[in-house]
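First the structure, in the form of structure tokens, and then the observations on it.
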Amino acid sequence: MSNMNLYSRGDKFFVRINMVLVGLFTLATLYPFIYIAAVSFSSGMAARSGVVVLTPVEATLAAYQNILVQPEFWISYGNTFIYTIGGTIMSLLIVIPGAYALSRPQLLGRKYWNLIVAFTMWFNAGMIPFWLNMRDLGLLDSYWGIIIGFAVNAFNIILLRNFFESIPSSFEEAARMDGANEFQILWKVFIPLSKPAIATITLFCVVARWNGFFWAMILLQDEDKVPLQVFLRKTIAELSDDHEFSASLITSSFSAETVNAAIIVCSIIPVLLFYPFIQKYFNKGILLGGVKE
Amino acid sequence: MTNLQKKSQWLIQHFKKEWQIYVLLAPAMIWFFTFLYTPMYGLQIAFKDYSIFKGIAGSPWIGFEHFQTLFENDDFIRAIKNTAILSAYNLLFAFPAPIILALMFNEILNQWYKKGAQTIVYLPHFISTVILAGIVITAFSPSAGIVNTVLGWFGVDPVYFLSKPEWFRPIFIGSGIWQEAGFASIVFLAAIAGVNPSLYESAVVDGASRWQMMWKITIPSILPTILIMLIIRIGNLLEVSFELVILLYQPATYVTADVVNTFIYRQGIQSGQYDLAAAAGLFNAVVAFILVMTANTISKRYSRTSLW
């Protein structure tokens, strides 16, 4: 398809129009990020009067100075790291052995164990029974509630189980001859062979944990335990709920808008740093493996 | 030895030999029972007059009373209607967007340009709902937002978009497309990459244009993928991203914005009417279950590719 001489004049026109349209969509995707960054570096008065379009107006670091001295910001940032790292490790500790066991032909009642997992994709009890259950387990307002309560999902287990099933049994036979047990076979044969699939699941977990806010918002009351997204939501709510009230927050140097934008920027930076690593897995097709089974 | 004895002896042998597999399986199964199946047992409060002091099992049964209350509640009916409308808009506008985007990416020959554009349009997928809402609220703010700034250039007075019920749906669907269209196009790009190149080669020999090849070869070839994605979408029809709704709506826009899950959130978590909210959740879950099962049956029949 890359042979350019095969294109007629009409094709060249079509290709150019298409390039322009894709370019416009790309710019439209990029623009909100640039706009938010510009607002975060503008003065409160400038942001409030709506003159910021592309670049900072009356450039200042005041909004950043305002949030970087708030202990809640740092505490919630630290909590997000705890939930992301702790939650991802917990997920892998449960999902990898579980997926391995479900992939083994000698597992008795394998069909039924798999059904128990898959059924949760089709039916779930919903928000209220889940919340009541967390409360009854004593997991409200607890780090462990967030870390364990959301550790597993059926999709990740099935994705990994399918990957394990696709590994030819010849790989494990040599290890079995040497008298390796199941733990050793999982650790020394299956995990090394499944790096791309495990990386994909790790990616899903990290992204979900970093971005999760709803359950953190309703399970955690203690302000010392909330993650960054909940802290961010609180400042956004102040901005939108009560437009008159937030006007009192304007000083000449920063306003609710610029502070809000600055927190958004601080929260996106780690995602941007992580992004090149994420990209490596986009086109390997593994992300799609789960879609089709 | 009787059959039963033989069988139990075999079982003992099996567990002696294979106990390690069951140890590996245990944490996952314990997790599923503790966090997903116990709440299913708790769902019975949908049919009970639940009191915290009597507990789930001790509360008295009241039959379908909560469901009756729900269907006499205008807010609940409105929430069902809004969920259906947002889902329909999603299907109409958000579903085709990544397909069109993938077709457009496929027509770009400059690899550098294509990679660069893809890198950018995949990015919003990885930001959180809270950040998305923060961007939307900032951009649409009446005094400070860029949208009103631009409208101001054309002499339009500032509009407080997020307090206007008629603007909620376009803003919600639009921000969803902004966040997901790029990333969702990956699936279709992969399907396009799998099209047999000889089809294009013979089309070129016949003097077909790019436009014709797109309509006659590419789109028919990726139709199975489109169908599968459509079926998945229909199965998840009720899952409008209510987290975004919670962040963007306000009492003034409940008319168009309140969906079933936000209704459940307000009734249950905020007002403490757990039994009524659980009933609304059960209704939601049953409809979702029927949709998923129907979607899978259809998929099995017509494409011979079941979703699981």
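Even glycines carry a Cβ here, placed using N, Cα and C.
Model, not experiment: these values are computed from the prediction.
Per TrEMBL, the feature domain 'ABC transmembrane type-1' maps to A:77-275.
The transmembrane segment feature in TrEMBL is assigned to A:20-41 (among others).
Below 8 angstroms of C-beta separation, residues 117, 143, 146-148, 150-152, 156-158, 160-161, 163-164, 182, 186, 190-191, 198, 201-202, 205-206, 209-210, 212, 216, 227 of the same chain, each at least six residues beyond the ends of the transmembrane segment (A:81-100), sit close to that stretch. Marked as transmembrane segment by TrEMBL: A:81-100 (among others).
The transmembrane segment annotation in TrEMBL covers A:112-131 (among others).
If one looks beyond the transmembrane segment (A:143-164) by at least 6 residues along the same chain, the residues whose Cβ comes under 8 Å of a Cβ in the stretch are 82-83, 86-87, 90-91, 94-96, 98-100, 102-103, 114, 117-118, 120-121, 134, 137, 190, 194, 197-198, 200-201, 204-205, 208-209, 212, 215-216, 219-220, 225, 227, 289-290, 293. The annotation transmembrane segment is assigned in TrEMBL to A:143-164 (among others).
Here TrEMBL flags A:185-210 (among others) as transmembrane segment. Counting residues 6+ beyond its ends, the transmembrane segment (A:185-210) has Cβ neighbours under 8 Å at 80, 83-84, 87-88, 91-92, 95-97, 100, 150, 156, 159-160, 163-164, 167, 171-172, 175-176, 270-271, 274, 278, 281, 284, 286-287, 289 in the same chain.
Residues 33, 36-37, 39-40, 47, 63-64, 66-67, 73, 77, 203, 206-207, 210, 228-229, 231-232, 235-236, 239, 249 of the same chain sit 6 or more residues outside the transmembrane segment (A:259-278) yet have a Cβ under 8 Å from a Cβ within it. What TrEMBL lists as transmembrane segment is A:259-278 (among others).
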Completion exercise
Residues outside the transmembrane segment (A:20-41) whose C-beta sits under 8 Å from one of its C-beta atoms, at least 6 past its ends, are 47, 52-57, 59-61, 63-64, 257-258, 261-262, 264-265, 268
